[in-house]
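**Student:** Once you've had a glance at the structure underneath, I'll fire off some questions.
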């Protein structure tokens, strides 16, 4: 711990409360052994350093990405060199990237106001996404319907689009989830593109047509509305919910550590200031509970797919344990077929495997809860990229990402269609 205190002394108290990103950099650190992983892991839990780990230390074959505030760059780089840790700068000036992103959004908003058309190749506000959900439902009233499933901590509505041919009540269904981690904007953007793709391709594409003839699709494009709004108004890199934690000034919980699946186990924290804080109890976050209640009341979901970013991964249970899921062989086969279909568009390569051994242990996750509650076909996509931009994927990659992801999603849903249980 001595070296942590040493860095803290060098940095001093000037970084306290820093929310700006001028001169902040993202470093990629290549770890080679368990000792190096251990040293970096201790830094993850050192609040005074104000480091933001985008990719946490977990294994030798997985680099560590960390956002370093400008005031701590010199000290942190000195520490890395002193420990013989190799690193490279992947983002030179984070604020410059954010400024470009903001300029693009404002430009797009102006164009959309004048044309009254939704640009699927741009990032949008929560209100714009909800408005487009209304448009989709209005354009295809016999196929799509917007359904309110609950509300957020700050009382924002949570909407899903239900796609159904209307033949039967509580038919077999697939749940598509996105935006549970608010800063992962490519997931929300991919989800709303996917919504339009479903209605546009019905009765044109035999695959999606046959899927909807046999089962329904429920799509939640923004699973963490408060966090998403906060990323656009206060802190672009906010990950958690915006709930209050009694006894702590730190806000929110990680909604993907809050599900009742080995809750409070490995890969989650009991520290409210941690980005992987699991919350006071399972389903404490109203956003999570709304989904849980809806799915349990419905009672006939066969698939659950959660869209995240970044790293280009396609994973399945378990995250909370290294033990193999009973259906691991089938899930792995389906995931590899989906990854192959995805790669056929532009060659984007995805790594496939169970969450725990592919990235890191993660208790309380959505897909583990789904799987443990009888939803056999449970998968997580970590979308583009592998670290060049990380969570700040440029808008010109939205449509290419969505197009390739669609083939992966469709492959999984076809398997669900053909293997209902």
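Glycine is no exception: its Cβ is also placed from the backbone N, Cα and C atoms.
If you look up Swiss-Prot, you'll see 382 marked as active site, proton donor/acceptor. Among the features that Swiss-Prot reports, Zn(2+) binding site is placed at 181, 184, 308, with the record citing experimental evidence. Residues annotated as domain 'Peptidase M14' in Swiss-Prot: 122-416. For 260, the entry in Swiss-Prot reads N-linked glycosylation site.
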**Student:** Have a look at the recorded positions 181, 184, 382 and say which one has the shortest Cα distance to the residue listed as 'N-linked glycosylation site'.
**Tutor:** 181
**Student:** May I ask which of the binding-site residues 181, 184, 308 is closest to the residue listed as 'active site, proton donor/acceptor' if we compare their C-alpha atoms?
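**Tutor:** Ranked by Cα distance from the residue listed as 'active site, proton donor/acceptor', first place goes to 308.
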**Student:** Between 0 and 100, where does the mean pLDDT of the domain 'Peptidase M14' (122-416) sit?
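**Tutor:** Computed over the domain 'Peptidase M14' (122-416), the mean pLDDT is 98 on the 0 to 100 scale.
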**Student:** What other residues of this chain sit with their CB within 8 A of the center of the CB atoms of 181, 184, 308, the recorded Zn(2+) site?
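**Tutor:** Other same-chain residues with Cβ inside the cutoff are 179, 180, 182, 183, 187, 239, 256, 307, 309, 382, 391.
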**Student:** Could you tell me which three-state DSSP class residue 382 (active site, proton donor/acceptor) falls into?
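**Tutor:** It is in a strand.
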**Student:** State the count of C-beta atoms found within 10 angstroms of the C-beta of residue 184 (Zn(2+) binding site), not counting that atom itself.
**Tutor:** 26
**Student:** Neighbour count first, Cβ atoms within 10 Å, every protein chain included; then name which of 181, 260, 308, 382 tops the list of recorded positions.
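**Tutor:** Counting Cβ neighbours within 10 Å, the top one is 181.
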